[in-house]
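Student: In case it helps, Swiss-Prot gives these features for our protein:
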type	residues	note
ACT_SITE	Asp478	active site, proton acceptor
BINDING	Leu360, Gly361, Gln362, Gly363, Gly364, Phe365, Gly366, Tyr367, Val368, Lys382	ATP binding site
COMPBIAS	1-197	compositional bias 'Pro residues'
COMPBIAS	198-220	compositional bias 'Low complexity'
COMPBIAS	289-303	compositional bias 'Pro residues'
COMPBIAS	307-322	compositional bias 'Low complexity'
COMPBIAS	632-644	compositional bias 'Polar residues'
COMPBIAS	692-705	compositional bias 'Polar residues'
DOMAIN	354-631	domain 'Protein kinase'
REGION	1-221	region 'Disordered'
REGION	258-323	region 'Disordered'
REGION	632-665	region 'Disordered'
REGION	690-717	region 'Disordered'
TOPO_DOM	250-717	topological domain 'Cytoplasmic'
TRANSMEM	229-249	transmembrane segment
Amino acid sequence: MSSAPPPGGTPSPPPQPLPIPPPPQPLPVTPPPPPTALPPALPPPPPPTALPPALPPPPPPTTVPPIPPSTPSPPPPLTPSPLPPSPTTPSPPLTPSPTTPSPPLTPSPPPAITPSPPLTPSPLPPSPTTPSPPPPSPSIPSPPLTPSPPPSSPLRPSSPPPPSPATPSTPPRSPPPPSTPTPPPRVGSLSPPPPASPSGGRSPSTPSTTPGSSPPAQSSKELSKGAMVGIAIGGGFVLLVALALIFFLCKKKRRRDNEAPPAPIDGVPYGGQQQQNASRRSDHVVMSVPPPKSPSSAPPRPPHFMSSGSSGDYDSNYSDQSVLPPPSPGLALGLGIYQGTFNYEELSRATNGFSEANLLGQGGFGYVFKGMLRNGKEVAVKQLKEGSSQGEREFQAEVGIISRVHHRHLVALVGYCIADAQRLLVYEFVPNNTLEFHLHGKGRPTMEWSSRLKIAVGSAKGLSYLHENCNPKIIHRDIKASNILIDFKFEAKVADFGLAKIASDTNTHVSTRVMGTFGYLAPEYASSGKLTEKSDVFSFGVVLLELITGRRPIDVNNVHADNSLVDWARPLLNQVSELGNFEVVVDKKLNNEYDKEEMARMVACAAACVRSTAPRRPRMDQVARVLEGNISPSDLNQGITPGHSNVYGSSGGSTDYDSSQDNEGMNKFRKVGLETQDLYSNPISEYDLYPSWSSTDGQTTQGKATGNIKRPGQGYG
């Protein structure tokens, strides 16, 4: 019993455990004093029964308990403090430790083993660990001591020493096998001892310091994770900044190399210094052209034909927000959809050296080739006739005008190229050809009425945009079926702005050079050169008549008075409107498969558009709304009977223009056109027999009509 006082001294030993945490192994040495305390712990053994349920393998613990003392250190997490006490017994490697091992062999001996619990310090572990499992934790107090070793042991935790703990020396290392110590708690059932020594509760505080060491390990792991996340975020940010910087520098470099669009002509915006840049650029192109032919020499061409100095029929379609061409030297940012320049090398490579196999069509303007850019995008490359003043004017008009506009029903220019005398325009390729091809091409299936109406509405909207939404307004001057491209969904795209004119808001433009296509020209423009947006309206009316009747604008088989579609249709339009008998004018190929209300709207629009006096014609936005059914066809008449130019109640003709004068001018046009017999005698193609042409004196005496030759199956030229 005298030993009892020593237990009292045991509290002092707890301090020793404190230093032990740093040196994990030293801990076993300090425990020697505690052995005396072992007996006191014996009384509490019975209560520990609660702990045993936690661990099913009691038998193994019995053997292990003696040795676990050291092992408990790993268990700190487990809270089976009972074993820890035993560790102290092993620590006194003196003879006592051997004695303790024997008792562990029998589970019943736990009471004997309880002496090991004397380590009141064991309670210390409870504090380090979670209070919720107090029962087990008390037994684990010793583990707290061991926690300090864990840092070193972590490397070996996998070692199965738990069973070997029988040797006291091993205990320090045994910490890794905390799993084994857990069973000991049952055997010792020493869990009660911790409660028995409440005073030890204070000592646990010291062990608590050791457990603290384990949390740092976890926190360090958390910190390492956080650091990794932070590094990843920081790295991503730095990468984004670097990419942005590279993009900015590249863009800046491109701008330096930019070429301004060609010099303006007839009010087309853009500066004139482009010519110097163009010549310098062409020099570079000559040196870099991979194909055998350099830009200075024209690419291979088909045989020549008579030139008309007119706009061709071709232009490609450009869908909404379409993909831009791949970056190229001199890439420039322009207005609208227009994006920039191409070099001759790119276009030569895209068209396979401007090979004849890639030729889509040819006309007075030059040639059109199909090409494919490096990004796989199909394009149509229009090569304007070299050395032609008309070709240069068309080039300036297209670059200056098309680059300013963007509408889903207007063809947009993708880019252009200037190389020496070469002038090339690049459009997105449209594989479904033109309205003329589908309406008049030989062997073509009959176009359904729904498709015809859809094309009429789309092209009307495109023209309305040019007339109403562009400032200043743009007059196309060459509206015809072959200049309306369609995609596979039969959406219309108005093309070919080579003859387009920027109109003045105040004065009617009077041209000394009448240009357009025979059969589509407005009478006032053909006879006097007076050009307004209503000239486009007349031409569009002719296109509507083609959609309704399926006829061409000029009947080549009738060289007499009524060979014009307009002259034939005008008298019938009034009859159709009064009687509602559309069979007189409707295309027989439709077999009456059409909506009568929609047909009535289109007939009314066509009649209003082809009125002989320009002021009596409707605006294109009105035409588009009537075709869509948004307003009544009667809104187009304004007191005018369809097919006539006179106002109701008026005894005379229109005061704006003399219809007889217009008719006389048109008769002159017919005479000149029909005198050019080769226009009709030579087979140009199975469609598009009516080319654009021009008159140089404002009348028709000097005009020439020539054919735009097109390859079969293609709607370009």
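The backbone N, Cα and C atoms fix where each Cβ goes, glycine too.
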Student: I'd like the Cβ neighbour count for Gly366 (ATP binding site), meaning other Cβ atoms within 10 Å of its Cβ, all protein chains included.
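Tutor: Step by step: centre on the Cβ of Gly366 (ATP binding site), count other Cβ atoms within 10 Å, giving 24.
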Student: Taking 10 A as the limit, how many CB atoms besides its own sit near the CB of Leu360 (ATP binding site)?
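Tutor: Cβ-Cβ neighbours of Leu360 (ATP binding site) within 10 Å number 23.
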Student: Measuring Cα to Cα, how far is Gln362 (ATP binding site) from Asp478 (active site, proton acceptor) in Å?
Tutor: 17
Student: Using C-alpha atoms only, work out the spacing between Val368 (ATP binding site) and the residue listed as 'active site, proton acceptor' and round it to an integer in Å.
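Tutor: Given the Cα positions, Val368 (ATP binding site) is 18 Å from the residue listed as 'active site, proton acceptor'.
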Student: Pop the Cα-Cα gap between Leu360 (ATP binding site) and Asp478 (active site, proton acceptor) into the table, whole Å please.
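Tutor: About 20 Å separate the Cα atoms of these two residues.
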Student: Can you tell me how many other Cβ atoms are located within 10 Å of the Cβ belonging to Asp478 (active site, proton acceptor)?
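Tutor: Other Cβ atoms within 10 Å of Asp478 (active site, proton acceptor): 27.
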Student: Would you find the one among the binding-site residues Gln362, Val368 whose Cβ has the most company, meaning other Cβ atoms within 10 Å?
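Tutor: Selected residue: Val368.
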Student: With H, G and I counted as helix, E and B as strand and the rest as coil, say where DSSP puts Asp478 (active site, proton acceptor).
Tutor: coil
